[in-house]
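To start, the structure under review is shown below, and the notes come after it.
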Amino acid sequence: MDDDDQGPKILATTWALTGLSAVFLAVRLFCKLRTKRRLWWDDYVLVLSWAMLLVSITLVTVSVPKGLGKHVYAVPFENFAFLGITGNFTGTFSILAAMWSKTSFAVTLLRLVQGRTKAFVWFIIATVNILMGLNAIFLWVRCSPVQKTWNPYVPGTCWDPQAYPIFGMFAAGYSAAMDFVLALLPWTVIWNLQMKRREKVGVALAMSMGIFAGATAVVKTTVIPTLASPDFTYVSAPLILWGAAESAVTIMAASIPVLRTLFRDLQTLSRRLYVSDSKNDTQISKISPKQNTVVISGGGPSPLTTTTTNSSDRAPLREAGGRIIQSTEIMVAVEFRKDDDPDGHGVDEVRAEHV
């Protein structure tokens, strides 16, 4: 019956999630490249994660016309083998997408933590990849011969029907728990920085969006038992949807901290610099040393002088155009206001931030 066909809902939801995550990822890369910053391992792993998501949703798309989303009694017999093997590949790529999206954010955190905390993050990376990697492998080796995993009519033997779903729930549940841990970990790092409390909260919240990824992973874990259902073409729809949501939300969550630089630039462009009573004065937003920023002062057409605070970070702070201003602690911002440009370009403002 048409009312029992979940195919259109599967396609609409999964492609919407894939497209939205692609937008977040593209803006993340744009923000980094426009500030002349090189891409790092976390960027490459996140791109690879999105590629796995795209492949899995493409396989779902070709499976829907064959009967995915319908009850088994409405699926032509000759389509079962095709749906079985594409289902295996879909599950494999979906697991890889989720695994590498979490790994990307963990790799980002490696740049912010040290000592035992860094070792703990490495432990999370290793254990998540091992468990989810085994989950992808077991999808293929749970039957002998392998062909029986996608074609139940092939003679052979398989594990207990509940064995693979149980391990899948354990791996997915552990992965969800680590999402929450990684989401809360930045608070312990950022709260010790010398910054305004509002800035600390803003940065920490931006880096804690993984909580939503953990929530989707929890929901996905609850629907994994449907793998053992004989009506797998129909009841697997929620698993497909929440599997795509887990990877897509993780990709978006991992991109939000980098997007803060774009939001700051847009906020800067939306404001107009005030013009002081004295045309020759250069107005500077002075920020105390507690804010880890650069204070610039000067007047008229004479050269500006800079005073720096807390300039101990490894990465340089840059203007929107890419020119290095000064090395500072992470998550910092600089405002530069001038009333009269010697070159006749009028008032302007520059805000730079390193994330």
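Count begins at 1; order follows the chain as displayed.
The backbone N, Cα and C atoms fix where each Cβ goes, and this holds for glycine too.
TrEMBL annotations: computationally assigned, not manually curated.
If you look up TrEMBL, you'll see 27-264 marked as domain 'Rhodopsin'. Per TrEMBL, the feature region 'Disordered' maps to 295-315. If you look up TrEMBL, you'll see 12-31, 43-60, 80-100, 120-142, 162-189, 201-219, 239-263 marked as transmembrane segment.
Sequence-distant contacts of the transmembrane segment (12-31) (same chain, at least 6 residues past either end, Cβ-Cβ under 8 Å): 39, 43, 46-47, 50, 53-54, 57, 60-61, 240-241, 244-245, 247-249, 251-252, 254-256, 258-259, 261-262.
Listed by sequence, the residues of this chain that lie at least six past the ends of the transmembrane segment (239-263) yet keep a Cβ under 8 A from its Cβ atoms are 9-10, 13-14, 17-18, 20-21, 24-25, 27-28, 30-32, 35, 42, 46, 49-50, 52-53, 56-57, 60, 90-91, 94, 97-98, 101-102, 104-105, 108, 179, 183, 202-203, 206-207, 209-210, 212-213, 216-217, 219-220, 223-224, 226-227, 353, 355. Long-range contacts of the transmembrane segment (43-60) within the same chain, counting only residues at least 6 positions beyond its ends with a Cβ under 8 Å from a Cβ of the stretch, are 10-11, 14-15, 18, 21-22, 25, 28-29, 32, 68, 86, 89-91, 93-94, 96-101, 103-104, 107, 240, 243-244, 247-248, 250-251, 254-255.
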